[in-house]
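A quick write-up on the structure given underneath.
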Amino acid sequence: MRISTTSCLCPFLVCLCFIQRCSSVSHHTPAKVPTKNQTKLANGETEVHHRPKRGWIWNQFFVLEEHTGPDPQYVGKLHSNSDKGDGSVRYILDGEGAGSIFIIDEVTGDIHATKSLDREKKSHYVLHAQALDRYTEEALEPKSEFIIKVQDINDNAPKFPDGPFVATVPEMSEVGTSVLQVTASDADDPTYGNSARIVYSILQGQPYFSVDPKTGIIRTALADMDREAREHYTVVIQAKDMAGQVGGLSGSTTINITLTDINDNPPKFPQKNYQLYVPESAQVGKPVGKIKANDDDLGINADIKYSIINSEGANTFSISADRDTKEGIISLKKPLNYERKKSYTLHIEGMNTHADPRFSYLGSFKDTATLKITVGDVDEGPVFSIDHYIMDVYENAPRGTEVGAVTARDPDSRNSPVRYFLDSKEDDERYFRIDEITGVIRTTKPLDREDITWHNITVMASEVDNPSLLSHVPVTVQVLDVNDNPPEVAADEEIILCESSRPGQVIQTVTAVDKDDFANGQRFAFALPSQLPVNPNFTLKDNEDSTASIIARRRRFNHLTQELYELPIVVWDGGEPSLSGTSTLTLRVCPCQRHGRIRACQGEAFLSSAGLSTGALIAILLCIIILLAIVVLFITLRRSKKEPLIISEEDIRENVVTYDDEGGGEEDTEAFDIIALRNPAAAEELKFRRDIRPEARQHCGLLRSRRSPSVDLDDVDVQEFIKQRQVDADLDTSVPPYDSLQTYAYEGQGSPTGSISPLDSPGTQSEQDYNFLDEYGPDFQRLAELYGRADSDVSTVCDSNLVQTKSV
């Protein structure tokens, strides 16, 4: 098969096919195993398959995109060498778009495209073609693959995917400064023709900007563009394909370019001279005016620093810049006084804080202006001569005594008269009054220093012409001391007098107190009253250091005879005039310990009143201590009681534990089975372990009751039987690990009174006959058979009621 439209048969491929065909025929091997091109038939023969000759070479079909004709677009033709033109060959097509986009004529092999194709959506299609025998549907040639490529046409205009754009460039930039690069994209095939070859051009924005036709870089085209003259520019850039030729498609985008500010403009005051009115009552630290220098720049480039460059204005005023408004705020540093200075002249300078050295040729970026401030006269309140008055007056001074005077004046030029008065809120009790014209302060009542030493009052002054303007000044009055309080002996507690005091012994040293200040009361003198007779018990000695000593005059005081003594003492102060006072001290007699130390006078008095002596008290305490010691010893002995050395649930010591079970009657007190002693041979066969409960032992009574002892007691050697049981117990390895004691007892042959135990009751198997039940019918006959069989099956395996007593 061959492609008749765009490909030809290659001679090299023809030769290669011929060589392969000859090789497959000539190298036939007679081996039974078929080769790759052979098939083994059922009869054992081998059929050789020859490779058919390829009828076409593989190439590509091309179809133009965007076909708009009325008929399907012809793509190409497939033809096989096996096709003789008689219509026996049928061509089929499958793969991408087969049957929907591409159809093939089964007879001629012509391929057509039924739809308009878009290369930008799909650039090629992969299909498979095959030639079949129309009658047998056998493949004449193997299925082959070929590609249909969609050939591009210029059907897509260039586009700017990221537009419109925003860009900035500093003002005053040099020509050729890069602003922004724009890039357009074209969906056409860049490898075929000029459909995707783009050229850029500027449609709007000249002569300020230009664009590189190949790279799309936008640059400045005009020097010294000033932001203050024009800030925003709109530039339109066009991208055209086909290398800009006629007939090419184009697209455009817009770039908004803004010139950024630089500091190329110095600050400038709108005028050189300014005037400002400021009243003299303006407060210090508060703004009094504003001034502003204009700067056409923006941001930090327009920041201005203001300063007052002359000393006259700088000493009284200050200026600072407002960040938002760029204004200079003028504030007051010192109080203004119209009467002293009526005007001020300020030289103010405004300078940029961020200068650009590139524009230093324009000069210094600063400007100056002159501000004249006029101080306005304001009616002010009176002014006191000093800010704080301190006065003094003696206590007990008569009413109306002058304390001092305050003075105030009107600071204004008219010098209006001033009136004074006190603040009634502070002096509730009205200790003072003031003369409203002269300002003299006087007392309204005698003052007591010991009551209030300092008085704080406030004096207010106002102008007669304008009473609403008030001024205040604090006044402090000190009350001076006068010796008007007699001294007293300082004795907060009663004085203790020991019974063992000797004549001449100092009992107590006393001091004095005085409400007056130290200037009048720091020196005291002491003496006993002269108008009283001589005290036989005590005397007083002035130590001449503002203290006095009480001295005993006799020996042996007894509290049982007299417990309390009173001693009057006279005290003089050192004031002018000197004052004296008499104080009576109380002395209590108490027993004292050695060295004169008083311990518990009140407690001992209590014991004496109860009738208990010191010896009795000591005896009581000793008894209490002995009782406590006994209790503690008893508790200690109980806690220290010894515990057994070995605490165990099973004691390993030998103990005899006896189980007294009466068993079968008066003669059988040890609960033994006498039959076992009478018949040792039978007992040998029925030995049981003592630690295991025999299951059949519960039937021993019944079994024993049904048999009669047939062994003569005289023929049995009980002593030998007991010895044999002892040997068996010693050799038994299954007994517990502790010692055990096995006891065998024998009562004798019998008792005159007999035995109530059923163990020795004679009886035989024929003791009861159940045949009489047959008379009651078939049902009772069956019952007789059951009872008779039960008697015959009963075992006689009871042991001899051995009693084993274990000791733990």
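In case you wondered, yes, glycine gets a Cβ from its N, Cα and C as well.
The signal peptide annotation in TrEMBL covers 1-24.
The feature domain 'Cadherin' is assigned by TrEMBL to 80-160 (among others).
Annotation source TrEMBL lists domain 'Cadherin' at 161-269 (among others).
Per-residue pLDDT, averaged over the domain 'Cadherin' (270-384), rounds to 91. The annotation domain 'Cadherin' is assigned in TrEMBL to 270-384 (among others).
Sequence annotations record features per position, and here TrEMBL assigns domain 'Cadherin' to 385-489 (among others). Note: the domain 'Cadherin' (385-489) comprises 0 helix, 47 strand, 58 coil (DSSP; helix = H, G, I, strand = E, B).
Among the features that TrEMBL reports, domain 'Cadherin' is placed at 489-606 (among others).
TrEMBL lists 616-637 with the feature transmembrane segment.
According to TrEMBL, the region 'Disordered' annotation covers 746-768.
Per TrEMBL, the feature compositional bias 'Polar residues' maps to 750-768.
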Secondary structure composition of the domain 'Cadherin' (161-269) [DSSP: H/G/I, E/B, coil]: 3 helix, 45 strand, 61 coil
DSSP helix/strand/coil residue counts for the domain 'Cadherin' (80-160): 0 helix, 35 strand, 46 coil
